[in-house]
Amino acid sequence: MHKDPHLQARILVEALPYMQRFHGRTIVIKYGGNAMVEARLQEQFAHDVTLMKQVGMNPVVVHGGGPQIGIMLERLGVPSRFEGGMRVTDAVTMEVVEMVLGGRVNKEIVQAINRAGGRAVGLTGKDGGLLRARPLHRDGVDLGLVGEVTWVDPDVIRLLDQGDFIPVVAPIGVGSLGESYNINADLVAGALAATLKAEKLILMTNVAGVLDQDGQLRAHLEAAEANRMMTDGRIHGGMLPKVQCCLDAVAAGVKASHIVDGRVPHALLLEIFTDAGVGTLISESP
Ligand SMILES: Nc1ncnc2c1ncn2[C@@H]1O[C@H](COP(=O)(O)OP(=O)(O)O)[C@@H](O)[C@H]1O
Ligand SMILES: CC(=O)N[C@@H](CCC(=O)OP(=O)(O)O)C(=O)O
């Protein structure tokens, strides 16, 4: 399955203890960035998730798709803008978001995992009442149908795990009147990891991890230092919600949260099965 002999050797030597440690455990993965759009990386991701399942873990995939939504909105001539990293979502935009995320993107990932030998099932937050949501209010800005998760009903995920299926979740929530909400995928992954008391939350992105002001990768950040970096501006922009979501997850009982470089081939396997890992580990302060 994996053609890189160097990687094969490392995994053979280092993986066994991790396989034992994570057996039967839930690992929530936010899949996004280059790893999602580059065909070769997507194929590797699908193999990695399938392997995790085959050796007894319960991977749960939450996917993004911002760029794919942007392309479709442009094609349809629907203007789009972001406020504080969130796509302002009116009713027409929501229709497109639901079609692109719940349809095209979700099924592409399901198909990639199935092709790799896994059994994936695609869901949105509407399926089985998985993700209840309400409007996200931020600094008085009206974001329309952008949502935040208010309640996770994990029954459908547990059922799929027991049936040896790999759940693939599109970040769409449902309101009390059945209306749809567009939720940032990192936030959905964090909420799911917290509810499932996951062993790990892994956010795949397009940078090496959390960088210091001199561009050095921080391989490990404890909560107190992560908070300092957010306050003094070393962590800003799109990295802010990621780090906040990792901190929320560990505070809620997730053992460790990781921000990993999805541009690295087999980033997921390296993170889970090797001693060094890739990217930044965020944990509670001792
Ligand atoms: N300390 C930091 N370390 C790394 N990236 C940071 C940091 N602070 C801000 N960023 C920015 O956050 C971006 C990652 O967030 P984002 O683009 O929203 O990711 P994604 O598209 O994967 O969700 C980086 O490209 C970088 O511009
Ligand atoms: C509210 C909001 O902004 N939702 C995102 C949902 C998709 C997402 O989060 O995709 P990425 O992880 O690829 O950015 C959006 O509309 O783009």
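One-based numbering along the chain as shown.
Glycine too: its Cβ is placed from the backbone N, Cα and C atoms.
Where the annotation comes from TrEMBL, it is an automatic prediction and has not been curated.
Since this is a predicted model, take the numbers as computed values, not measurements.
According to TrEMBL, the feature domain 'Aspartate/glutamate/uridylate kinase' maps to 26-261. What TrEMBL lists as site 'Transition state stabilizer' is LYS30, LYS242. Among the features that TrEMBL reports, substrate binding site is placed at GLY65, GLY66, ARG87, ASN182.
Neighbour counts were taken as the number of other C-beta atoms within 10 angstroms of each residue's C-beta; across the recorded positions LYS30, ARG87, LYS242, the minimum falls on ARG87. With a cut-off of 8 Å between CB atoms and residues at least 6 apart in sequence, the same chain places ARG87, THR89, THR93, MET94, VAL97, LEU145, VAL146, GLY147, PRO171, ILE172 near ASN182 (substrate binding site), listed in sequence order. Neighbour counts of Cβ atoms within 10 Å were compared across the binding-site residues GLY65, GLY66; the minimum falls on GLY66.
Looking at the residues that bind substrate per the record, GLY65, GLY66, ARG87, ASN182, the two CA atoms farthest apart are separated by 12 Å.
Comparing Cα positions, LYS242 (site 'Transition state stabilizer') lies closest to LYS30 out of the recorded positions LYS30, GLY65, GLY66.
DSSP gives ARG87 (substrate binding site) a strand state. Here the CA atom of LYS30 (site 'Transition state stabilizer') lies 13 Å from the CA atom of GLY66 (substrate binding site). Confidence over the domain 'Aspartate/glutamate/uridylate kinase' (26-261), given as mean pLDDT on the 0 to 100 scale, stands at 95. It is 11 Å from the Cα atom of GLY65 (substrate binding site) to that of LYS30 (site 'Transition state stabilizer').
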